[in-house]
Amino acid sequence: EVHFILSSYRRFQLMRFAVEQINNSTNLLPNVSLGYDIFDHCSDTQSFPGILKLISVNNGIQPWGENPKNLSKMIAVVGPFTSTDTFTVTPLLMMNFFPVVSYGAASSAFSKKAKFPSFLRTVHSNKKPIEVIVNIVLYFKWRWVAFLNNDNDYGNDGLELFIKRIVDTEICMAYNKGLNDKTNYSQMFHQIEAQKIQVIIVFTTKLTAEALIKSAMQLNITDKVWIALDTWSLNKKLPKMKEIKNIGTVLGVSQPVVPIPGFNDFIYSSKSQPHCENTEQSMLCSQVCNCSGLSPEDVVSIDPTFSFPVYSAVYAVAHALHKVLQCGVAKCNGNITVYPHMVLAELKKSNFTLLNRSIQFDENGDPTSGMYDIVFWNQSGKAQEIGFYHFHPSINFFINSSQIQWYTNGTVPISVCSPECPTGYVRKQDGIHKCCFSCIICPNRTYINSTEDPYSCISCKDTEWSAEGSTSCNQRLVEFIPFTDSGAILIMLGAGALVGLTLAVSVLFAVNYNTPVVRSAGGPMCFLILGCLSLCSISVFFYFGQPSVSSCVLRFLPFFLFYTVCLACFVVRSFQIVCIFKIAAKFPKLHSWWMKYHGQWLVITAAFTTQALILVIGYSSGPPKPYNETVWYPREIILSCDIDLIATSGSVILLSSLCSLCFIFSYMGKDLPKNYNEAKSITFCLLLLILTWIIFATEYMLYRGKYIHTINALAVLSSLYSFLLWYFFPKCYIIIFQPHKNTQQYFQDLIQNYTKTISQ
């Protein structure tokens, strides 16, 4: 069944009007009359007889490449209208470079000149309306759309272009359907509803669009945004239907309506002319149709889309022929034989103005200039202009969205698969569509830059911090204990006081060197211990200020080295006490050997040498160095010293071993004479030492802020004061305030009483 299409009839009449207008012109092709042969290509198969007739001479077709004596009367073809018809017949016209100027074939494939060398068109390629549609979708931030297209060359080309165009955008094509006569609209709309799609792009011809919209109204499809192509955006019938208000909001892309002066009068005059009376006349009649009920008002009021492309296509051929025939003001050169390729050459160079619009073609045969209107179907049933998209000379896009009466009563409809993530949240894609995602907050020390990559949290630098859900990083506060800190000043004063006190004790012991108290405290060994305690205090000063390689080394080395000597001295002292009172009687040879070879100094020297070697080897392989603590406190950088555990383990093990031996020997002498209390003093000092470092270790596990350095320095200072206060000060007290106890007779009485007690 062949349907009468009124808009096609209007284009047919417009082509006749243009030819007659040119033939009546005194400027364009003077004394030359254009003839034309118009046929209706109702289907792909019925196109061939007409086309073959156009290119044949005496019912025969001249092979390409020969120089024919007889030529076809045809110099150019205006049309066909649809892309499919053009694909069908154009290859026949390309072989002899017959110019084909289409006013409706918009498939982007025709821009390929290798396949279609003599094809030109006065409408834009599908790329242009697709570009406008995508910009409309982006403007309103719609992300979840359906794309409906004709299941033919034209519609599939639009689909392919749309898919390519949205690759680098946030638009997702949630649903696509190629429409034809057998489409199940009920099933299609059910799928669209199931996916909660609110925006439907309809890239179809007028007839298909009418069938689609009518089906939507019948199936009670409501609350959608429909984006119409220029093929049906200016439809005169659909906007006036009562049910159209229920389907939602219709936006469209349309070619600007260019009024063609004189055309309406031509329609009224042509319809008043009598029809052909007999069959013979009807063979030559140019407007035979079964349209007895058609009135001039019907033709005039129909959708004017593609009117100007038809009009300009005919004029483009006429202007090209004007150049080929070397026409002047009054006449043309009638001696020139016109070949189609000559007309094609001039067509490609077209540059004229028609109804205040420039007509030019680019290297692909597409129009160089132009624009699209953006329209909205208002409540009165008209396509109201609300914006535009200019292509030439520069892209200019505008929409006055305040003029749109949305079905949502003022607010722009939302069409997304997943709502936008809150600030600071990253997308985790769900399924195949990038528009479908869940939102996960970015953790501490990361941030999200939604414009660059909404799918990943970016890690901050070590010198930066960020809270959970951040969009940027902040610089960390650099923390260390300066020398001016009140705690640092107090500890450094304490270290200075320690040096002063050890010096004072050394002087006091030197003055009273031959007294029993000094002798029993260790004699010359006391001065070594006091000296080493003073040298250990050097470490305290390097816990403050900004760490450097040298300060990190001096923070640990003096303490490890000289405190080893101190502990070694106390190990020897505690051993000697036990030896004198307990071992001498049972192991006389051991005692004599110890005394003969000065065993105490051998042990001290061995301990010092061993620790020195361990420190040299350890610090050579992995010396302490400045270290930025960035893990414990996200907003701060704590300047510390990095200790190599393997390199320092040997020193710590040696110190721990000496401390353990010292504690064992001193504990063995806990029951010695009451006033002869070196072993008890050493035991108490060691308990204080152990307790100090247990407290520090516990604190270190719980806290790593900048004041951990103050606590560390305090632990070191406490370790030094424990020996000074609880080992040396009691002896100083006896020397100064109880001199009667500092006599040889007093010590001998103590020893004799203890000997009697253990013998009983």
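Glycine is treated like the rest: Cβ placed from N, Cα and C.
A TrEMBL annotation is a machine prediction, not a hand-curated record.
If you look up TrEMBL, you'll see 487-751 marked as domain 'G-protein coupled receptors family 3 profile'. Residues annotated as transmembrane segment in TrEMBL: 488-513, 525-544, 556-581, 601-620, 645-669, 681-701, 707-729.
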So what's near the transmembrane segment (707-729) in sequence-distant terms, Cβ-Cβ under 8 Å and 6+ beyond its ends? 480-481, 485, 487-488, 491, 494-495, 498, 501-502, 505, 521, 526, 529-530, 533, 536-537, 539-540, 543-544, 559, 563, 566, 570, 638, 640, 678, 681-682, 684-685, 688-689, 692-693, 695-696, 699-700
Quickly jot the same-chain residues contacting the transmembrane segment (645-669) by Cβ under 8 Å, restricted to those at least six beyond its ends, or write none. 556, 560, 563-564, 567-568, 570-571, 574-575, 577-578, 581-582, 607, 610-611, 614-615, 617-619, 621-623, 678-680, 682-683, 686, 689-690
Long-range CB partners for the transmembrane segment (681-701) (under 8 A, at least six residues beyond its ends), listed in sequence order, are 570, 573-574, 659, 662-663, 666-667, 670, 708, 711-712, 715, 718-719, 722-723, 726-727, 730
Along the domain 'G-protein coupled receptors family 3 profile' (487-751), what average pLDDT does this model show? 88
Spatial neighbours of the transmembrane segment (556-581) not adjacent in sequence (6+ beyond its ends, CB under 8 Å) are 522, 525, 528-529, 532-533, 535-536, 538-539, 590-591, 594, 599-600, 603-604, 607-608, 611-612, 615, 619, 624, 641, 643, 648, 651, 654-655, 658-659, 661-662, 665-666, 668-669, 672, 678-679, 682, 685-686, 716, 719, 723, 727, 754
For the transmembrane segment (601-620), sequence-distant contacts whose Cβ falls under 8 Å of one of its Cβ atoms, 6 or more beyond its ends: 525, 528, 553, 557, 560-561, 564-565, 567-569, 571-572, 644, 646-648, 650-651, 654-655, 658
